[in-house]
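Feature list (source: TrEMBL):
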COMPBIAS  A:50-62  compositional bias 'Low complexity'
COMPBIAS  A:462-471  compositional bias 'Basic and acidic residues'
COMPBIAS  A:482-507  compositional bias 'Basic and acidic residues'
DOMAIN    A:16-100  domain 'Autophagy-related protein 13 N-terminal'
DOMAIN    A:106-212  domain 'Autophagy-related protein 13 N-terminal'
REGION    A:38-62  region 'Disordered'
REGION    A:462-507  region 'Disordered'
Amino acid sequence: MASTQNSETPATEQVITEIFAKSLHIILESRSPYVSSRNYSLDQIPPSPSSSGGSPSTQPGGSRDKWFNLALRECPAALQNSDFWRQSNLEPLVIEILLVDRVSGTEKLLERWVVQYETRKHPGTGRKSKRTYRGATLLFRSLYLLVRLLPAYTLFREMNSSGRIRSLGLSHRIQSFVNPLTRSEEAEMAHLCLTPIDTPFGRLKHSVSYLSVVDDISIGSELSTPMSTELIPDYVGSPTTDPLKRFQTLPLGGSAPICVQPGRRHSWSTDRLGSLNLSPCSLPTHSDPQRPSIPLPLSEVQKGKRPVGCYPSSLSSPQKANLFRCESAPVSRDSERNQLVRFGELPSGVSLPKEISIGGDAIRYLDVAKLPLASGSCVGGSNVQLLDLHEDSDANYPFASDDNRTKNYEGERSLAAIVGELLRMLETAPKLQIGFEKSDGPDQNPNPAHSGSRTAANALEELRSYMHMRDSILSQSGSHSLEPKPEKESNSKGSNSEKEMKERNRP
Amino acid sequence: MILPGTNKKCKLQVNPSLLFSSQNSFFIAWCFSQIKQDLSVASLIKIALNWLISPCKTFDMNCEVCELKELVVEQFEIREVLRCILHTIIFHRALGLVRPRDINCELFELTYVQCGVPEVEKEIEEKITEFISKISKHPNRRSHQVCLSFYETKDKQPAWFSSKTERVYWERWFINLQITNQRVNMKPNQTKVGFDPGEKLSSLEEKKLHRTALEASIRENLFQIIKFVNEKMDHLPHIPPNAEGISYPYEITILSSSESSLDMLKRMLQTGHQTTLS
């Protein structure tokens, strides 16, 4: 047992030792993230045999928990360091709580707790050891509350509440000497002293220097892994990384090619939208004057938290297709029609999305979910995260087939081959001109004089070929039961689309 | 003599009314005599009230009193605020073996500590409910006070007009609340549809300011409790050995400042018997 150099009685010495231990326990329990909480049953604490109430039992593993009538759960951090200061009770116990930046390795001192035993100048005027124990009991009630009132506890709670790995962390350092604070630290730190516990020949002092303002550390922005929305040109499955999937980038706006890759599940599929290209839509930060602003990373978004001003995606919906889009870029039917892009001739047996619109502040993809290709494949696997453009009832998508999406992973390889062939055809196919213009515009009739323009009839023929391709794919995939429905749907929608195109071309 | 509830010494001028046998009369007579001293009437009345709210007529010569700083709260915040402060005080005075429970406030960024005794929690909830129902009956009153007192029971010589045991209060805590209703500023015929967005924003800002200020005040109260508990320990009675949980009996009483203190004292004198202010 650690001893003082004066004539404290053994009982008092033990009390002093336990005061140090309990102080360490209380402080580290509320400052060491992830190691403080543990399912510890306190219901079976045996009655303490001694008369001073709450003194330790002889049972192993529970000997310190009930000291000073404050039953605490185990704290591994405290147990690891409990023998550190047992050299002598005359040495101070200094516990420094640090905010550590794991990326840069820098540390910032948040708190410094000092527990120090001082011998009394005039011995004999001190208290009896029973009074010492009672004084310690009272002090630890206050200490237990005090550690929860200081600003560092907020950080501790935040770190404990989320299981994410953060760039900032709480750490502690235990010393037996007091480093003088720098001037800047001295200036920004507040100081508190608890009433000393009197012993017969000395007294124990508890004091803390703490950073009174923690908000300016920008907890929210730094605690999480910084992830701002940015273009990822070499994402898995992109044409740059996978030559098989190379296809012509679309001429209008945007720089994000569509990845159509059936039969392969990517790490950025259904569950994690993190690497999905969302730019140039930047998510607005959610600011709160009370708490630091949190630039919401995609990882936050994918967990269902909603950034202000952005619509969240239904990440797991296999049927719907929603994508983040910013308020600044409202979707309108007219803008979609202005930017329609058609593909060239395709061989039979392959179908393509009808509309792809890119522009404004949002990258919008067609609901590939409605493609037969999308069954078991495509961007995000079976759950494609695309903007839902089908809110209007008059949306006509001849290839739309919700039934096929999530079903039928058979014949993926054949599908992949077909899609690859389709893409090669697209590369070699002649370009389409933007055929659909504003409804109020005068130029409704496609002019044959325009270079590369096509008539509605040509478009209709292409459409029919797409339908054939789709049917062939369907037949190959073997979804016999579904064929009648999609055929019916496609037929009806095909006819609707034909009517629509005729209407559009009328003057 | 040392005035009850304070550490102030003062001279006692003997008044013929001191010949009254009942302790009530003695005290009240003493009070009137002390008006000549440098004590203000308000402090005297306060001392009298401190004494009179106890069910037993006892001088609390060594009663420590802590007046916590007033908190401006809205109706829906009362429960959370009172829970926080009452539990904190009791945690500091439950010197038997306790298993502390950390409670994170729902309305504020605060964590307070409960002593983990279910009976205490139940009693506090009941008292808070009683408090809320009382203040709702008197919406015009703004200032309210909750008093948490710790006492010892002592046996005394039984007399025909008094009980066998008496309570000796050794510590009193006064929690001061001012109930505010922020919607007082709004026009009565305003509906949600007709809100001016600018006005709605300002009311939201006001709410935020109020919440922040209240949180800071609660923290201040808690620091005040810690300071008081650490400074004054000598008056604590002896803790029985092997005590578990609550080591000292306590009671929670509800006060309100609807009538002036003098009116209340007058009423008590006229009725001639002890009435609790709650």
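Yeah, the Cβs are placed from backbone N, Cα and C, and that goes for glycine too.
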Go ahead and report the DSSP secondary structure tallies for the compositional bias 'Basic and acidic residues' (A:462-471): helix first, then strand, then coil.
10 helix, 0 strand, 0 coil
Can you tell me how the residues of the domain 'Autophagy-related protein 13 N-terminal' (A:106-212) break down into helix, strand and coil by DSSP?
37 helix, 39 strand, 31 coil
Return the average pLDDT for the domain 'Autophagy-related protein 13 N-terminal' (A:106-212) as a whole number.
85
